[in-house]
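According to TrEMBL, the protein carries these features:
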- A:69-262: domain 'ABC transmembrane type-1' (DOMAIN)
- A:12-31: transmembrane segment (TRANSMEM)
- A:68-92: transmembrane segment (TRANSMEM)
- A:104-125: transmembrane segment (TRANSMEM)
- A:137-160: transmembrane segment (TRANSMEM)
- A:181-204: transmembrane segment (TRANSMEM)
- A:241-262: transmembrane segment (TRANSMEM)
Amino acid sequence: MADTTTRAKLRWGLIDVIVVVFALVPVLWIASLSFKTPATLTDGKFWPREWTLDNYKTIFDTDQFVRALVNSIGIALIATLIAVVLSAMAAYAISRLDFPGKRLLVGVSLLIAMFPQVSLVSPLFEIERQLGLFDTWPGLILPYITFALPLAIYTLSAFFKQIPWDLEKAAKMDGATQGQAFRRVIAPLAAPGLFTTAILVFIFCWNDFLFAITLTSTERARTVPVALSFFTGESQFEDPTGAICAAAVVITIPIIAFVLFFQRRIVSGLTSGAVKG
Amino acid sequence: MSRRAPLSENKKAERKLGWLLCAPAALVMVLVTAYPIIYSVWLSLQRFDLRFPDQREFIGLENYVTVLTNEFWWTAFGVTMLITVVTVAVELVLGMGLALVMHRTLVGRGIVRTAALIPYGIVTVVAAFSWRYAWTPGTGYLANLFDGSAPLTERASSLAIIMLAEIWKTTPFMALLLMAGLALVPEDLLKAASTDGATAWQRFTKVMLPVMKPAILVALLFRTLDAFRVFDNIFVLTNGGNETSSVSMLAYNNLIRGLNLGIGSTMSVLIFITVAIIAFVFVKLFGTAAPGSDDGERR
């Protein structure tokens, strides 16, 4: 018996290793490239033979990257904040209140979740040009909020349904209004769910490439994924590989941090929003 | 039931609050999607090239004829379909495996889950660059395995690499959705089947799969629609060269490089219709499996 469990553990351990290697190799590879010197960059070895931080110095010396990084952080944070506030309000209503039109809202967010984003590229391009939103932060924040909302509403509704709502009833019996009950009692209980949702929304905004490349044209609002793709086209005489890899590693750091510290939350957030019923 | 009399007042307040709380989210979602898609239909009926704004005029369905008789469009459509079907099929199998590993492994569950979340979270463009350099002759560890040829300069191998990059990136998402379904499988049922002499495969097909069916359908629907939008990986890996453009790449090229809003919008509308058809077929085939569709019945 003990023998079989040891063997089962060994087998699972082996499978685990395969999964981990498969998941990590592309990330390690780009990190490895970012530490290679120009001379060894094209040696085709997986690990660097000579280590250097020059690529990182280069990108932080260029305005192009630093501006894009500021844009990425600013746009993603603002979009996340607004999306979480709006979705928290809607999710509370969906999970707690009884009102006509609720199913319609759930249906609409489902449709938006399935909406092909590329279909919006042409009209948004023209609308934003007319409104003066083209190549600005709000011009990107708006579509990001829109497409983050369905995910955020589902995740939060799922979280909200698990909250012990009797506390709300108790607060109302003590004379609190529905609004007060929401702010004083429920909001603190909902904080973990809000936080998880915020992480998921941030990852979504941080990741976007399609809107960022079509709705921006200069460094004013260009985010890092787009700036990365432009590193390539411009310098034909200097190999931009090292710089691209360094920049890629920099924008991967927040993702790795989220995943390392909040793995449980992210998994529960994604799975709870997915299957309800 | 006990508080029927004072409820009508409360009920009204509750309705009002409900609408009030939902209004901002609903408004944003509708304004940023419904209005542009309608506007896009309007634009698609015009000759509208930003390089020649004077020639702007209403031309009916001429743009649709232009696009639908264009071989580039159909090539891109075929490429998109191929990528969608192959990646979703492979991901369903791999994702199921990964979901089982994440759910049932006896050791290192946290580590496996953390590792699996990395492809999910990483910026697609970053991952795409990693694959591109991996397959670049001279630079890449993978290219050198294959006698230093340049796979990203040939159509078939380029498409294979695009699909590999897509599968690597989105299998964890598929697995997470499937894992949500796995969690619904009653442990007792598996034990009972096991004591009755069911093999692992029988337990999987006869016990797990039926319970997981709704989760599988949701995962398939979302991944199919997501795969159909493939853009980032192609942009970085081949930039659409060697006939590897997806419909999204083509729409982008017509808009940003060609500055042709009329044609770009026509493609937008066609993609929208295609996605709507896919979604409709899924929902028709599988009924109420979609998330949220049960919400009204709960209370």
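Each Cβ is built from the backbone N, Cα and C atoms, and glycine gets one as well.
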May I ask you to check whether the transmembrane segment (A:181-204) and the transmembrane segment (A:12-31) make contact, with contact taken as at least three Cβ pairs under 8 Å and only pairs 6 or more apart in sequence counted?
no
Using Cβ atoms only, state whether the transmembrane segment (A:137-160) and the transmembrane segment (A:241-262) have three or more pairs under 8 Å that are 6 or more apart in sequence.
no
Candidates A:68-92, A:104-125, A:241-262; stretch with most C-beta pairs under 8 Å toward the transmembrane segment (A:12-31)
A:241-262
